[in-house]
Amino acid sequence: MDVNPTLLFLKVPAQNAISTTFPYTGDPPYSHGTGTGYTMDTVNRTHQYSEKGKWTTNTETGAPQLNPIDGPLPEDNEPSGYAQTDCVLEAMAFLEESHPGIFENSCLETMEVVQQTRVDKLTQGRQTYDWTLKRNQPAATALANTIEVFRSNGLTANESGRLIDFLKDVMESMDKGEMEIITHFQRKRRVRDNMTKKMVTQRTIGKKKQRLNKRSYLIRALTLNTMTKDAERGKLKRRAIATPGMQIRGFVYFVETLARSICEKLEQSGLPVGGNEKKAKLANVVRKMMTNSQDTELSFTITGDNTKWNENQNPRMFLAMITYITRNQPEWFRNVLSIAPIMFSNKMARLGKGYMFESKSMKLRTQIPAEMLASIDLKYFNESTRKKIEKIRPLLIDGTASLSPGMMMGMFNMLSTVLGVSILNLGQKRYTKTTYWWDGLQSSDDFALIVNAPNHEGIEAGVDRFYRTCKLVGINMTKKKSYINRTGTCEFTSFFYRYGFVANFSMELPSFGVSGINESADMSIGVTVIKNNMMDNDLGPATAQMALQLFIKDYRYPYRCHRGDTQIQTRRSFELKKLWEQTRSKAGLLVSDGGPNPYNIRNLHIPEAGLKWELMDEDYQGRLCNPLNPFVSHKEIESVNNAVVMPAHGPAKSMEYDAVATTHSWIPKRNRSILNTSQRGILEDEQMYQKCCNLFEKFFPSSSYRRPVGISSMVEAMVSRARIDARIDFESGRIKKEEFAEIMKICSTIEELGRQK
């Protein structure tokens with residue numbers, strides 16, 4: 001029977017059909033090769049937006065710097081970064097006037113955070129630029145390396161101290177005449193493989209000491225490493241993102257803490273909230289504007305787009321904002337917060353890996369590292385690359401480009417939101433002093449603007465005034481990409497509003513699926529995704545039931561765990577059939593062991609092992625939940641785990657799911673090939689940390705330490721703890737006299753070894 005597809009929509013309001021218009025299934029595009037070109041684009045574009053600024057030279061590093069602040073007032077609609085300090089300060093003052101005490105209170109909250117934050121806060125986060133090795137590392141490793149270098153250079157660095165003390169070390173390190181660092185180097189040699197008798201390249205890694213003079217150290221400390229942003233949909237060209245080193249991170253963290261605290265108190269801010277809370281905020285603003293405009297006024301909404309938001313922002317402007325926000329605060333606090341923007345005004349962008357050349361005829365490939373771009377003959381490059389390199393050359397120092405203006409992607413999201421909101425705040429009638437007024441929402445670079453006025457001319461005048469006010473602080477609304485509708489229809493941060501929010505369920509489609517890493521986690525994540533979408537995205541009961549059945553079907557294929565009584569033949573079916581036949585209570589088998597599906601939409605919140613526990617055969621229970629089962633490298637699991645799910649649009653989201661420790665929750669073993677690479681030394685360090693931490697936590701179960709605290713003190717702490725515990729256990733009769741004596745002997749031996757060392 002042919003179905004006329006339009007019939008499907010007869011009962012559906014038009015706006016609910018948005019899910020059918022989203023093409024985001026399948027894998028998003030990833031970038032390959034080098035990001036050098038994209039980074040040069042960013043640097044060149046940023047300078048172009050500020051080209052009429054003043055050039056100066058940094059006295060410490062010799063880097064040429066462009067300062068567009070208080071530059072020419074705009075005469076056309078071209079995007080520009082010439083923010084006017086007095087305008088920014090005035091916007092801040094008005095923001096404070098309409099929210100009495102907001103800055104004061106946020107400063108007090110932040111001051112408390114500054115005094116309490118420990119340095120291990122910096123171990124959170126993903127890849128970080130490790131300035132000692134000049135490449136990205138996991139955050140914890142990069143921090144450890146930084147602290148190790150600080151300590152060997154006579155600074156008091158301590159992994160368990162306060163973050164503020166670490167930042168004092170950072171400041172001191174910048175005053176030092178030279179810094180000695182430990183870097184890795186590779187030796188390659190050709191050797192004959194005994195097994196295959198072929199020639200292979202063997203790499204060995206050595207560590208060597210290297211001295212950096214003040215200039216070289218400062219350049220490294222101020223460097224942001226760049227990469228290509230992956231998995232961006234809907235774009236033809238890739239773009240560069242930056243990751244700062246450990247010197248900058250701590251300062252940025254405190255500035256963002258202050259800005260976050262301010263954003264939480266602003267009704268127009270789309271950050272730091274997300275999801276349903278964000279929708280409620282937006283709905284409130286829309287409701288307010290519509291209620292006020294019922295009879296006499298017109299109300300229009302602009303779904304806005306800004307041109308290169310962060311390339312037109314300026315760290316010097318952020319410094320002015322912070323100076324104003326903290327003006328009545330103690331000197332030390334103002335200093336701590338002003339360092340991040342100062343470092344950003346002097347930042348350097350690392351150009352990445354450089355270019356790869358290959359000659360098809362000679363089968364040769366060669367890498368031109370970024371350091372060589374300053375001197376290499378340009379005849380080897382195509383025209384567009386040649387232009388880029390010519391333009392960037394005056395800015396190059398040691399393979400990094402001086403980049404004073406602009407903010408790089410994703411650095412001061414909260415603080416730039418405060419700036420955006422301060423312009424929205426100026427739309428109140430008491431400030432516009434005319435018949436039109438505006439309000440709206442700002443979330444980083446995304447905004448929605450609602451303008452009310454008695455007639456169309458008023459609306460136009462309002463939009464125009466908003467546009468020009470934005471220009472004065474370095475915000476450039478893209479006229480071509482912003483569109484205006486009657487209030488009630490708009491889009492903000494990929495939420496579509498039409499008389500209320502339209503659930504765009506297709507955005508979540510990519511996160512439905514089975515990743516094939518771990519049977520226990522996959523089952524739990526799968527049902528949690530369905531549960532969450534029923535709560536948040538209007539996933540109706542019938543569709544959810546269908547999604548669930550499809551999910552179970554999907555789940556059985558990668559793990560080859562079709563029901564024990566199925567006819568489907570797979571590699572596992574022989575074993576699973578045998579298990580099925582010898583199990584008395586077949587309903588108790590997990591799906592991954594060929595059991596039936598226990599789920600329906602009523603019990604999605606219960607982990608599968610819990611649902612089936614009462615139904616299981618006793619010996620199956622014993623095998624399934626046995627931490628001593630030797631065939632599984634067993635993972636201790638907290639009751640809640642975090643999974644990363646990828647919606648179609650926007651950043652990867654972290655999602656909590658229940659984790660029950662069964663023999664089906666395993667950790668994949670590390671890929672062996674890493675052991676032959678330059679990463680091997682780092683891997684060994686990491687494993688060493690891991691072992692120390694695990695040991696330490698056995699002694700101090702409530703331990704909040706995540707990393708060793710200077711070797712001697714840690715060992716001493718564990719030894720003394722062992723002695724105390726042993727004495728208590730001996731006196732209460734839990735251990736025998738011989739065991740007690742043995743423990744004491746071991747403790748003395750450890751101390752003796754420590755002394756000999």
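Just so you know, the numbers here start at 1 and follow the chain as drawn.
Glycine is treated like the rest: Cβ placed from N, Cα and C.
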Range annotated as motif 'Nuclear localization signal' in Swiss-Prot, from 43-51, 187-195, 268-276, 700-708: 187-195
Of the residue ranges 137-144, 249-256, 369-376, 609-616, the one that Swiss-Prot records as region 'Promoter-binding site': 249-256
Positions whose Cβ lies under 8 angstroms from the region 'Disordered' (50-82), at least six residues beyond its ends: 214-215, 218-219, 222, 307-308, 311-314, 316-317, 345-346, 348, 394-395, 397, 402, 404-406, 471-472, 474, 476, 478-479
Intrachain neighbours beyond the region 'Promoter-binding site' (249-256), with Cβ under 8 angstroms and 6 or more residues off its ends: 110, 113-114, 117, 119, 121-122, 125, 128, 163, 166-167, 170, 318, 322, 336-337, 339-341, 343, 411-415
Sequence-remote partners of the motif 'Nuclear localization signal' (187-195) [C-beta within less than 8 Å, at least six residues beyond its ends]: 201-204, 206
The compositional bias 'Polar residues' (55-64): DSSP-derived helix, strand, coil residue counts: 0 helix, 4 strand, 6 coil
